[in-house]
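Since the structure comes first, as structure tokens, the remarks are kept for the end.
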């Protein structure tokens, strides 16, 4: 990124509508690399740094020269991008051609480029002289979308902007797909890795390090937001390597069925049933391992105090919770905790069923759904929970608007938000005070993404109060090992450990190599010092003006401070004065610390900030802003 751009904003104010300095500095780099040099770029910015805003700023700049295609993982994230586009346009002080920007979910993009599951090669010519932006790029490979991107890259010879906060999802091999999309180099990955017996024993050898540096040099933008303006994180549980884990010792009932299921697994690290019984056991249903039966059984007894009928669980066991050491800990602990909770779990069908009926049986009511038994209250209202899965029919955006609203800062509208993997990417949560992992994530990048979505800058009123993190592991009734090093166990001994502990150790092994590669990517990230690129000068100037008038409500028209600020980019005095006149005559929008939302006006020999607000008469129900006078009202 362009360090000179960051230097322009040493005392940047972030609590107003703005473009952050690192976003402008990265935009400068993208314009130089992708538009000027036609190179592909990996935007490796850690979660919470505003990759979406950077991508959309770049799309608007690039739209003046080329068509821009943006691919996002699903329809819900598509809505987020469309909303964010409106936000970015309001801050964008330059020309753009919105008709040249196309945003698709991967499924809809697939549908317009395939006929009967075969790529329509004749239609790919539409992507000539285009730019592709791919959100969460690490997730598009291994499916038809990844295949299509590779074909477009080879056929159309166009650049890609790949967005990822975690380009290695599982092992270093996953990075190979990103490299292949960014470069024309042919790589034999057998030559650059060391492969052990286990999946986590995949290491980049010395030759691989050199290949990585040579191919990606000049194609990486790395950034991690400073940890300032964030609450502290309080990890709970027993010390476990460099983190903490809550050991949830199983009851004899759970342990018995857990062991029986484990004996049935051929490769337990890849079988959902081990995740299931680590969360909770459901008797014979776990042995059958067929989730469809969950919704077919009629009054089937699972345990003496637990039955299932047409997908509904009922019985005293949902309160005593011998079926789940994790939920026994969770239900007991939440009684004493304040604020909102975010709870991650996997296997949405199995997990969603268990969560719903345990919560209802323990007095927590379903948001817009069933009321809990003897409902627990907050401010006279039921304490509610919501379960988010990829299958949910209701609008996820509406649910998150309620969860993130100021009125819900204390959790009085939705206190508990349970979610499967869908929430690990692209969504933002606010005022989360308690984060729970009911299932061990498949990768530590997923674990970090969930933390990143939940603990965000500018999302907390009070950063002096810590955020609690609970990583729960189901362990045997007599297990209490303290694990301080990855060398504490041999591979054979690891296989005898509780499944959750074994999975955590595997993830830590893989994370060690992932962090080594991330360090390499960080070191080859491009950094330089130059004046802002001509294509982004107006955008940079707009942010300079916004920052200046946050502090100043009224100045002389020839104020030297404003002139100096503008001349930091426009070195010519006459050009700077002309620019100032244009923004005042055009009533530039700013946010002032006294008047809030304001427009610039000339009054006698002064430039003043004039507050405004949009209002309407009660009978007005629609306004078409494309016509000067077109107010639709009732008779």
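Note: Cβ is positioned from N, Cα and C throughout, glycine not excepted.
Positions annotated as domain 'Helicase ATP-binding' by Swiss-Prot, on the basis of sequence analysis: 32-185.
Taken from Swiss-Prot, the feature ATP binding site covers 45, 46, 47, 48, 49, 50, 51, 52. The Cβ of residue 49 (ATP binding site) has 21 other Cβ atoms within 10 Å, all protein chains considered. In the three-state DSSP assignment, the secondary structure recorded for residue 49 (ATP binding site) is coil.
Marked as motif 'DEXH box' by Swiss-Prot: 135-138. Outside the motif 'DEXH box' (135-138) by six or more residues, the chain places 42, 51-52, 55, 70-73, 77, 81, 162-164, 166-169, 174, 177-178, 181, 425-426 with a CB less than 8 A from a CB of the stretch.
When pLDDT values are averaged over the domain 'Helicase C-terminal' (326-505), the model yields 88. Residues or ranges marked as domain 'Helicase C-terminal' in Swiss-Prot: 326-505.
Listed in chain order, the residues near the ATP site other than 45, 46, 47, 48, 49, 50, 51, 52 are 165, 223, 225, 452, each with its Cβ within 8 Å of the site Cβ centroid. Cβ neighbour count for residue 52 (ATP binding site): 22 (other Cβ atoms within 10 Å of its Cβ, all protein chains included). Assigned with DSSP, the residues of the motif 'DEXH box' (135-138) fall into helix, strand and coil as follows: 2 helix, 0 strand, 2 coil. Non-local neighbourhood of residue 50 (ATP binding site): 20, 23, each in the same chain, at least six residues away, with C-beta under 8 Å from its C-beta.
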